């Protein structure tokens, strides 16, 4: 066979696209203890990753599938090889019949060796050229992979910067929302104070109207007493005139008696009648003076007493009116200040709401741009990953081609070395079988339990129908605080405090008899061993170590008549 007639059978393997499927499967189940089960499937084997750790898993998946197909092809080739070996054995049996032809071939040994050498050198040059081209392509692919990795790192850095910016914006928004909540709470407090002041103003107005009515009644009483005084003065004048009339009558009678006495010539009779008349006159005068003095004294005393009462009532009414005027003036001033402050706070609240709207709009824009950049980066990353997978597959194919070529070169060398004996073909078959690579795949399942997070949500609500309110009910059941929101003391003796917990018994605390809660003060009721008994600021309930805890707790205050006066409810949920 001449050199020009020989053609090398070594060629570049045709490229083909392999479909890749991830071998890592994740399954999650939610257990009763709010835990999550994560199933991880790992792939192990002897696949070559060429040091590409970021894409090792995906490349291994592609190579595993290609190895599966190659294993199937290798099985078919093994079957073909087995049939070929049987054919070789048949040919070896025929070789015994072809010794004559072999002797002829041995006579032409030198010429045939030269032809085989030419064939070997031609194949070797082709293989070297192909290896050189493969090395060049591999270097180019490695450079491209480095550039892609650098670009991927840049995208990752930009992504981290965008995430940090989003975190900063989120923190600023949380701070603004916190300030807004504080301002809203302050506004609600001011509205509550204004409502309380308006109630106080209404109470003072009602008190003022009551005092004005009392003043009118007092004035009417003064006028009535004045009329009575005039009437009594008229009665006194009438009595005085009657006394004068009686005195004149008595004087006339005395004058008549004197005239009669003067007619009597007896000295003893004149003296007797004179003495009797003088005695009668003295008795009448003394009785008249006594009656007159008694009447005058009684009238003057009664008049002075009534005048003093009227003056006292008038002074008290004047003081109360002055106090009410001062209180109304002070409340109006405070109300004006509160309204001014409330207007300032409302303006500030509007400004903050405008800032929040601007920040929300800016945050939405940033989030949209951030999501768009994330989508673009994800698309770029997926594209780079696909390209990297393709490059890894092509690189693995080139490596496989190189290994196959190296194995074929070694086989040809051994074939030439073993041409002198009859076992050369058998060695060829054995080398082909020995160079077949076997890939094993094993699956490892690992069960990992991730403890879930627990979120607690609590809500409180309270109400009051009078001046006594339940200010606080400690969640762990250590104490309960009652508050007197009025400006006067409240007697809450024999009142009952009931605490109902879902699924548990009811706890009842009764206040001591004649217990008074002072104005604008509070009293704390401790469970046994949780505080100090110091009335009227604190009381201790000796019958219970705790007022109880639960997810649904209602605390209610009842007066002596069993009426609901205040309540406090607490509800908690856990997710």
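The backbone N, Cα and C atoms fix where each Cβ goes, glycine too.
Annotation comment: Swiss-Prot describes 1-73 as region 'Head'. Per Swiss-Prot, domain 'IF rod' is recorded for 70-423. Here Swiss-Prot flags 74-105 as region 'Coil 1A'. According to Swiss-Prot, the region 'Linker 1' annotation covers 106-119. If you look up Swiss-Prot, you'll see 120-257 marked as region 'Coil 1B'. Swiss-Prot lists 258-275 with the feature region 'Linker 12'. Among the features that Swiss-Prot reports, region 'Coil 2' is placed at 276-423. The region 'Tail' feature in Swiss-Prot is assigned to 424-572. Per Swiss-Prot, the feature domain 'LTD' maps to 456-572; the stated evidence is sequence analysis.
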Run through the region 'Coil 1A' (74-105) and tell me, per DSSP, how many residues are helix, strand and coil. 32 helix, 0 strand, 0 coil
Number of helical, extended and coil residues in the region 'Coil 2' (276-423), per DSSP: 142 helix, 0 strand, 6 coil
Under the DSSP assignment, what numbers of helix, strand and coil residues are found in the region 'Coil 1B' (120-257)? 138 helix, 0 strand, 0 coil
